[in-house]
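According to TrEMBL, the protein carries these features:
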| type | residues | note |
| --- | --- | --- |
| TRANSMEM | 37-54 | transmembrane segment |
| TRANSMEM | 66-84 | transmembrane segment |
| TRANSMEM | 90-112 | transmembrane segment |
| TRANSMEM | 124-142 | transmembrane segment |
| TRANSMEM | 154-175 | transmembrane segment |
| TRANSMEM | 235-254 | transmembrane segment |
| TRANSMEM | 266-288 | transmembrane segment |
| TRANSMEM | 294-314 | transmembrane segment |
Amino acid sequence: MNTIFAVLLVFVGCCSNVVFLELLVRKFPGCGNIVTFAQFAFIALEGFIFETNFGRKKPAIPMSNYVIMVTMFFTVSVINNYALNFNIAMPLHMIFRSGSLIANMILGIIILKKRYSMSKYLSIAMVSLGIFICTIMSARQVNTGVEGSEEQDVYAFLHWLLGIAMLTFALLMSARMGIFQETLYKQYGKHSKEALFYNHCLPLPGFLLLSSDIYNHCVLFSQSTPVEVPVIGQAVPVMWLYLLINVITQYVCIRGVFILTTECASLTVTLVVTLRKFISLIISILYFKNPFTAWHWVGTAVVFLGTLIYTEVWTSVRMALRGKEELKEKKAE
């Protein structure tokens, strides 16, 4: 029952989150910092009340380790959202972030000296190829979609290229953080809720560096069209309403993933998250009519097929079917 509930939380929370994030970004492309700050503040407040019992509970993992983890987490979150300022379409943003498997494997080989099966290398090659196809197609759209002089075209392309570089850096940094977390959990045990709290609470002072941008967007949000909220019977600027729903759905999504990690095998979690990304991508394309060519679909299909091969879903399905057949044969005897 808990598993079904967690899967529902992941799909409803994460897919809704993508919709409201795109509504925010379409109106104000530079609003990544205020969105990140709102998400961090909300999750930190919830963790302070329910996880640390208003600061009375001591952390199981030393604070010095959290400082390192938080520095990486803050950097990844800010850069991922800030990259949307650089002509990065939401579908490409989602596809690019699906390449975390590549980064994890590369850093796993370099840092942890891991070795993988041929199927794993094949899956990584497929994911890389899929992302490459989507990126090249998006680059062509940047070149052809900007009207103006040749200098403006070059500027738009370099602007987009900087966004791609930011996403690549965030991808590698995220993988490095994952390896760091893995080593911490082996040493101190798993404390997912505690890590969730400190990852969102400790970086809050860092947003002082972005305070002017956040304040400017607060002003812009307050000037947006007011809409009446039925429950409270008050008119609220629509952008603040979108931000509130985005923050709540982000929390629902994270909680769903947390419940899944405690109830299911990591393979199941990976499969659910992958399917969620695919559905979010389709919603972004169909609902917001984002430009998506046949080659984008090919690239997307290759990315998700590679992900499924990596998680060995086919092997698990075959084993499950074989187990059912053996059970039927035993009953027949």
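Numbering starts at 1 and runs along the chain as displayed.
Including glycine, each Cβ sits where the backbone N, Cα and C put it.
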Exercise. Taking 66-84, 90-112, 235-254, 294-314 as candidates, which has the most Cβ pairs under 8 Å with the transmembrane segment (37-54)?
Worked result: 235-254
Exercise. Going through 90-112, 154-175, 294-314 one by one, which has the most CB pairs that fall under 8 Å from the transmembrane segment (66-84)?
Worked result: 154-175
